Amino acid sequence: MKLALVGATGMVGEVMLKVLAERNFPVDELLLVASERSVGKQISFKGKTLTVIGLNEAVAAKPHIALFSAGGSTSLEWAPKFAAVGTTVIDNSSAWRMEADKKLIVPEINAHILTKDDKIIANPNCSTIQLVMVLAPLHKKYKLKRVVVSTYQSVSGTGLKAVKQMENEMAGIKGEMAYPYPIHKNALPHCDVFEENGYTKEEMKLAREPQKILNDRTFSITATAVRIPTAGGHSESVNVQFENDFELGAIRKMLHETPGIVLQDNTDTNTYPMPIYAHDKDDVFVGRIRRDETQPNTLNMWIVSDNLRKGAATNAIQIAEYLIYHKLL
Ligand code: A2P
Ligand code: 11C
């Protein structure tokens, strides 16, 4: 197994290396790829020192799989070049997600639709993944009607420049700004760029991606995405209306029994999900589950996950594992 990691020097790339090592991913040759600026840089993986190479060299090596986390424009240009030499690309950017002929995969939900012909596979947005992980089992049983989600997203979702901005502000140092305003001691109702309809791109990803992953356009989602000064881990307040009624106990039992989900829901002991618990974990945490008493068949809940792990690196690596174990390369 020859694996290329495109964006190996980035924030998600670093977590991918960690997750590959932790899961003992079956790789014989690992190609670390980044921009020309980083070529020659050395990075250690499982006790070995590897040298960063450029994209041309990586394509020429014809890896079996390429994990991409190097931004949308790099994906748009280079994913087809890898696909043309027979590499299966798993892309973490938003470049291909909504293309009709590209699959958008959360392995626990829809990896069964993958075939050998899928040469560019899209990894969903981080805030989408944690949301659909919880919605999917509930949708199967109670059928989603409408979802209202408000996110509380960490600065790590924006990247290194944003993490630096927050650290500088906390230390009282003037530096480069990733956001139009301070993020320390603040909350910005603004994740990614604004679209013509007044929503941000992040909000529209939350509205559109779940319908594609769940292969159902009969329900609707509306979102408000907010950046908050947490270092890692996205949180979501989610109001869900179902077509069918439910028992809260049955909902908790179902979520507790769903692989990849951890139920943290006990108000007697102040038990609920928080970014500090989710940090460095692959699970999606859910709690504060309660009936919305203002309308039928509706509940409120709180979902937290490490946006760089299940929201990015882990999900992409799980897709790669699925391809290997089901001989789909
Ligand atoms: P580099 O470190 O050489 O710039 P982040 O999202 O944390 O900013 O990381 C982005 C990742 O994508 C980095 O590894 C970065 O490499 C890589 N990258 C950015 N632009 C390109 C490009 N044009 N070609 C290849 N890799 C790129
Ligand atoms: C954020 N969700 O937290 C973004 C980061 O489409 O993959 C990931 C952007 C994407 O701002």
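In case you wondered, yes, glycine gets a Cβ from its N, Cα and C as well.
According to TrEMBL, the residue from Asn307, Asn315 that belongs to the NADP(+) site alongside Thr9, Gly10, Met11, Val12, Arg37, Ser38, Ser156, Gly157 is Asn307. With the fewest other C-beta atoms within 10 Å around its C-beta, Arg37 stands out among the recorded positions Arg37, Arg227, His234. Largest Cα-to-Cα span within the NADP(+)-binding set Thr9, Gly10, Met11, Val12, Arg37, Ser38, Ser156, Gly157, Asn307: 26 Å. Of all Cβ atoms in the shown protein chains, 25 besides its own fall within 10 Å of the Cβ of Ser156 (NADP(+) binding site). Listed in sequence order, the recorded positions near Cys126 (active site, acyl-thioester intermediate) (C-alpha within 10 Å of its C-alpha) are His234, Asn307, out of Thr9, Ser156, Arg227, His234, Asn307.
Cβ-based crowding with a 10 Å cutoff singles out Cys126 as the top-ranked of the recorded positions Met11, Cys126. Taking only the Cα positions, the spacing between Ser156 (NADP(+) binding site) and His234 (active site, proton acceptor) is 9 angstrom. Closeness to ligand 2 is met by Cys126, Gln153, these being the recorded positions among Thr9, Met11, Cys126, Gln153, Arg227 whose Cβ falls under 6 Å from the molecule.
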